[in-house]
């Protein structure tokens, strides 16, 4: 429970029709009433709006406002909350805030309103983080995922898993503490193994969907690679329908990364055009090539571009080898030239590349671009998204805790195979239970809570 009253501007600072100053604390209504000319706010009902004026210290009018009152416990923070709807100018908003802070009210820390809502039991940690995700959403899918978190679908996943784990721990502990009681159901290693197998399956399913949700929310980091002059920059420009990257017949034109974003049927592709990889004596081009090779390790998808108008070159073969263990799609560019040189050369090289692996495209007339987009979505299992698919995690912190829980169960499986004593099993079960608890904020450390909420904007 907090005893001080806090305030902050909740709307973006700038010129607009209305700005909102949010005030929270058990004394917030009484304090704002001291500087308000209009109906007595202490006597208003909760969830009501009152017209009036904010007064200066000399009792002159500072601004004409609408005051929204939300009384505990039915407010965002769980405390008494007042929202002052003032005129939206930068100066007048700041002056109203300063007048509020002249009372027994202090400026809120970033995220403190949401932190109070969490600590007062108005939301769990997933819901709090979903608010931040909603504010920073960059596409429609990210909004849907955030709404799923706010509606507690993901919280229910965690709660269900924890209930199953707690029930299993309880059965084990009862059998250890009271082995002599005949009316207590006996827990066997076989039964524990079946329960653990089911929990592992559930966690693996959650992880699979959560990884997809991360792509839905954040997009796919996509590296465009190839030897010089195969049309990498032309491909980037074709995606965007604009000249983002310089296109030239001179090899080595692109020496640094050129980045852009493309909406691939609802999925964001973070496209990165890279320096063409080849042997060169140019020191600047060498730096670009080295950076490209490092970026290969960070890419979530590689678009390897080959030139259909040329036979497979040694540099192409080296790139095919370099990227063979990475998620990649091979593109045959310049399809508009109607050349079969690339395909005809496949049988005479060591690349072991089959013609059907190549998606034929033209950066000039957009031939094959729809097929390329569909191939990308299919590769990441994003080609048939259903509403229920959004009811999983996308936050890296949540996914990490799911992975910790999964590893605990995998360790438990090994202990079961080795027929270890039954009391040992509770150790891994407890680890998994605590890892999942970290997601919703159960027994969360204060330092982590402060860190999470400090990332929120002021006034939220």
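Just so it is clear, glycine is given a Cβ too, placed from its N, Cα and C backbone atoms.
Some features that Swiss-Prot has for this protein:
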- 22, 83, 122, 460: (6S)-5-formyl-5,6,7,8-tetrahydrofolate binding site (BINDING)
- 219-381: domain 'TrmE-type G' (DOMAIN)
- 229, 248, 250, 253: K(+) binding site (BINDING)
- 229-234, 248-254, 273-276, 333-336: GTP binding site (BINDING)
- 233, 254: Mg(2+) binding site (BINDING)
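Within 10 Å of its Cβ, the residue among the binding-site residues 229, 233 with the fewest other Cβ atoms is 229. Mean pLDDT across the domain 'TrmE-type G' (219-381) comes to 80 in this model.
Residue 22 ((6S)-5-formyl-5,6,7,8-tetrahydrofolate binding site) and residue 232 (GTP binding site) have their C-alpha atoms 51 Å apart, to the nearest angstrom. When the Cα atoms are compared, residue 334 (GTP binding site) and residue 83 ((6S)-5-formyl-5,6,7,8-tetrahydrofolate binding site) turn out to be 60 Å apart. Calculated from their C-alpha atoms, the gap between residue 122 ((6S)-5-formyl-5,6,7,8-tetrahydrofolate binding site) and residue 233 (Mg(2+) binding site) amounts to 51 Å. Its Cβ placed at the centre, residue 83 ((6S)-5-formyl-5,6,7,8-tetrahydrofolate binding site) has 21 other Cβ atoms within 10 Å. Spacing of residue 232 (GTP binding site) relative to residue 83 ((6S)-5-formyl-5,6,7,8-tetrahydrofolate binding site) is 53 Å (Cα to Cα, whole number). When the binding-site residues 22, 122, 232 are compared by the number of other CB atoms within 10 angstroms of each CB, 122 has the fewest.
Across the structure, residue 229 (K(+) binding site) and residue 83 ((6S)-5-formyl-5,6,7,8-tetrahydrofolate binding site) place their CA atoms 60 angstrom apart. Around the Cβ of residue 334 (GTP binding site), a 10 Å sphere holds 23 further Cβ atoms from the protein chains shown. Separating the Cα atoms of residue 83 ((6S)-5-formyl-5,6,7,8-tetrahydrofolate binding site) and residue 233 (Mg(2+) binding site) is a whole-number distance of 51 Å.
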